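J.: The following block contains the structure, expressed as C-alpha cells.
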Amino acid sequence: MTEINPARTPGAARPDGEASRERLLHAALNLFAHQGFAKTSTREIAEAAGTNLASIKYYFGDKAGLYRAVFFDLQSKPEDEIRRYGSEAIGLHEALRGFYLGFLEPLKQGELTTLCMKLHMREMLEPTGLWAEEIDQGIRPMHEALVKVLCRHVGVAQPDDEIQRLAVCVSALGVHLHVGRDVTDALAPSLNSSPDALDRWLDTLVMYAEAMVAAEMKRRGGG
C-alpha cells in the first residue's frame, strides 16, 4: 500500500495562476484515474497540463499533495452535502430530495464525474490511504446525518441495526447511479439519455426512498 502523507503547504494560488492550477488538477485526474498514483509521473502530468514541474511544487508541494488535491478538491465538502438534508426543520420528502441532489448534480458534469469515480475505484484497489480517510471524514459523517434524519422520521431515539440497514438501502439508490452507470447505459440507455433524465431520477429516487421508510415504519407498527 502506497502511503500518501499530508502534502506540504503549497504556495497560495495567485489569481493569474488559477488557470494553471486547474489545468494541473484536471490533467492529473485523467492520468491518476487511468494509471493510478504509482504509475503516473509528475513529468507526465506537467506535460499534459502544458506547464512545468515547478508549478506542481508551487501549487501542491509534491506529487502526493497533487493527488490529495485531485482526490478531495474536485468533489463537494461533506458539510455542504449535509446542509442539503440534515436540518431538523425540514420534512422527510425535502430531506430526501436534498440527499439525492448530492448524487445527481455531479452527474451533470459528465466526464469529470466519470473520471472521479474511476479514481475512487482505483484508490480502493490500489490504496494509498486516502480512501480510508474519505470513509472516515466524508462518508461516515454523511451516513450519520442520514441516520439521524431516518430516526427522526421513523420515530426512534437511537439507531438500531434496522435503521442502519435502511440508511444503507436509501444510499444505495444514489450510489448505483454512479458505480453502475455503465451497466445502466447498456441495459436501459433511455434512462440517462434524455435532457431531463437526471431530474426524473430525482423524483423517482425520492418516491422509492419514501416507500422504504414507510415500510420500515409499518414493520415497527408505526405506519
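Going from the start of the chain as shown, residues are counted 1 onward.
Quick reminder: no glycine exception, Cβ is built from N, Cα and C everywhere.
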J.: Which stretch does TrEMBL mark as DNA-binding region, out of 41-60, 161-180, 201-220?
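T.: In TrEMBL, residues 41-60 carry the label DNA-binding region.
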J.: Going by DSSP, how much of the DNA-binding region (41-60) is helix, how much is strand and how much is coil, in residues?
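T.: The composition, in the requested order, is 16 helix, 0 strand, 4 coil.
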